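Chemist: Once you've had a glance at the structure underneath, I'll fire off some questions.
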Amino acid sequence: MQQIRAIVGTQWGDEGKGKIVDFLAKEADVVVRAQGGNNAGHTVEAFGKVFKLHLIPSGILYKDKLNIIGNGVVIDPESLIQEIESLEKEGISTENLKISDRAHLVMPYHKILDEEQERLRGEESLGTTKRGIGPAYTDKTERTNLRVCDMLDEEEFVQKLRTVYERKNQILTHVYHKTPMKFGELLEQFMKYGEILKPYITDTIKLLNDSIKAGKKVLLEGAQATMLDLDYGTYPYVTSSHPTVGGFCIGAGIAPKYIQEVIGVVKAYTTRVGKGPFPTELLDEIGNSIREKGREYGTTTGRPRRCGWLDLVVVRYAVLINGIDKIALTKLDTLSGLPKIKVCVGYKYEGKVLDLFPASLRVARECEPVYEEFEGWSEEEIKAAKEYEALPKSAKRYIEFIEKETGAKVFLIGTGPAREDIIIKD
C-alpha cells in the first residue's frame, strides 16, 4: 500500500467505511480518526461478533495497530469511556489507543442545547443525532470550549469552565426552562474522566508525524461523508465538521503533501439519514426492500435510513472534491434479486442536464434524475463469487459503468457483511 492513505465517504455517510478501514488496516501501522464525534457510527463484523464503533478507529480490532483520535474530533468522555469498556469486555485491548490532547470536549450542556434547538426548529429541524456535536463545534469556533488537555489540569479547567458556566446556565434556564447545572458536579465529573483517560492522552500530532518520518503506513479514517461536509454538502442538512480529505489534514495534524492515495467508499445504492434533498430516493417497495435487506438503520440512532438508487452525480462530485484515486464499492449483495437496477447519471433541470451536484437545495429538490438501467443478478451468483471474474456479467457491467462515469477505478467490492466478504479487483 501507499504510505499514507485517506478513506473518505462519497455519499451521505453509512457507506460501509468501517468495514473497508478494517480490511485495509491489515496493511497499516497507524489508523487515525480526524473529525466528527460520537454522532458517527462504524459497524464491523469480526471474530463472529458485531462491533459498533463511534469514536475509536476501526483499527482497534487489530492488536498491533496504533489508533489515534485526532485533534479535529469532538469527544464526549462518557461515551468514549463506555466504548473503551465495551471493547475490553469483548477481549479487545485498547492499549494502542491514543487521544489528542488538543481535541475538544462535548460537555453536558452541549447535548441539552442540541436537543432543545432541534425541538424549537419544529418542522425545520435538521435531523441531528442530539449528541451535542454541533454546539461543541460552535463553542470551538467561538473560542469558548474546553479541550481534552484541560481535564488533566484542574486549575485550567476551573478557569475555563467559569468563563462559560454562567452564560450556559442562563441559556438553559431562561430560554429552555431547564434545571441549572451545578459547577461542582461538572468539575468533579470531568476530573474523574480525566483520570480514567489520562493513559491515552498525548500529543498525537508529534506521535503521528514521527510515525510518518519513521516510514510507518498510515490510514486516515473519515466519519460521515462528503455530502455532509459543512462547505460541500447539502447545507444546512450537514454535519459540523469537514469529512473530506482537506478536513482530515487539519483534524489529524499532517501536511496535505503526505497523502499519497485517496480511497472513496461508494455504497452500491444511496442512503441518507434525516432531512435534506435526495434526488434518487425510492418511496416504494423497492426502497423498503433495500432498507430491510441492507439493514439500513442508523448505528448511532437506530433511525431508518432513506434509500434510493446509486447517484453518480453525487459520487462524481465527491471524486472531484477529494481527488479520489480508487473506489471501494460496498453492499453489492444488497441489490441481488432485483430484476432491474437503475443508476442516476445526471439531473434534468429547466431543460439542462447537470452532471455535478448543485449548491441550490431548490434545484436538488426539483430536478429529475436521468437514469441508466441495468439487468439484475441473483444472490447466489454474488455469494459464490470469490474473485472478480466469477461475478455475474450484469454485476461486472454495473461496476465498469461506475468506473467509466467517475473516472476512478474500483479495487474493492463488498459482497456481504462479514470481514472476508470482499473481492479484490485488479
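Keep in mind that glycine also has a Cβ here, set from the backbone N, Cα and C atoms.
Sharing the record's features from Swiss-Prot:
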- D14: active site, proton acceptor (ACT_SITE)
- H42: active site, proton donor (ACT_SITE)
- 13-19, 41-43, R305, 331-333, 414-416: GTP binding site (BINDING)
- D14, E15, G16, K17, N39, A40, G41, H42, T129, R143, Q224, T239, R303: IMP binding site (BINDING)
- D14, G41: Mg(2+) binding site (BINDING)
- T299, T300, T301, G302, R303, P304, R305: substrate binding site (BINDING)
Chemist: Taking Cα-Cα distance, which of the recorded positions D14, G16, K19, R303, L332 are within 10 Å of H42 (active site, proton donor)?
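Modeler: Taking D14, G16, K19, R303, L332 one by one, the ones whose Cα falls within 10 Å of H42 (active site, proton donor) are D14, G16, K19.
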Chemist: Which one, from the binding-site residues Q224, T301, has the smallest tally of other C-beta atoms lying within 10 Å of its C-beta?
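Modeler: Per-residue Cβ counts within 10 Å for the binding-site residues Q224, T301 bottom out at T301.
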Chemist: Would you mind reading off the Cα separation of T129 (IMP binding site) from T301 (substrate binding site), to the nearest angstrom?
Modeler: 7
Chemist: Give me the count of other Cβ atoms within 10 A of the Cβ belonging to D14 (active site, proton acceptor).
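Modeler: D14 (active site, proton acceptor): 29 neighbouring Cβ atoms within 10 Å.
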Chemist: Out of G16, K19, G41, Q224, T415, point to the one nearest T301 (substrate binding site) in space (Cα versus Cα); all of them are binding-site residues in the record.
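Modeler: Of all the candidates listed, G41 is nearest in space.
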Chemist: Spatially, which candidate from the recorded positions D14, G41, R303 is nearest to L332 (GTP binding site), comparing Cα atoms?
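Modeler: So, of the listed recorded positions, the one sitting closest to L332 (GTP binding site) is D14.
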Chemist: For the C-alpha pair, I'd like the distance in angstrom between Q224 (IMP binding site) and G13 (GTP binding site), rounded off.
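Modeler: Spelling it out, the Cα of Q224 (IMP binding site) and the Cα of G13 (GTP binding site) are 4 Å apart.
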Chemist: Rounded to an integer, what is the Cα-Cα distance in Å between R303 (IMP binding site) and D14 (active site, proton acceptor)?
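Modeler: It is 12 Å, counting Cα to Cα.
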Chemist: Measuring Cα to Cα, how many angstrom lie between T415 (GTP binding site) and the residue listed as 'active site, proton acceptor'?
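Modeler: Approximately 16 Å lies between the Cα of T415 (GTP binding site) and that of the residue listed as 'active site, proton acceptor'.
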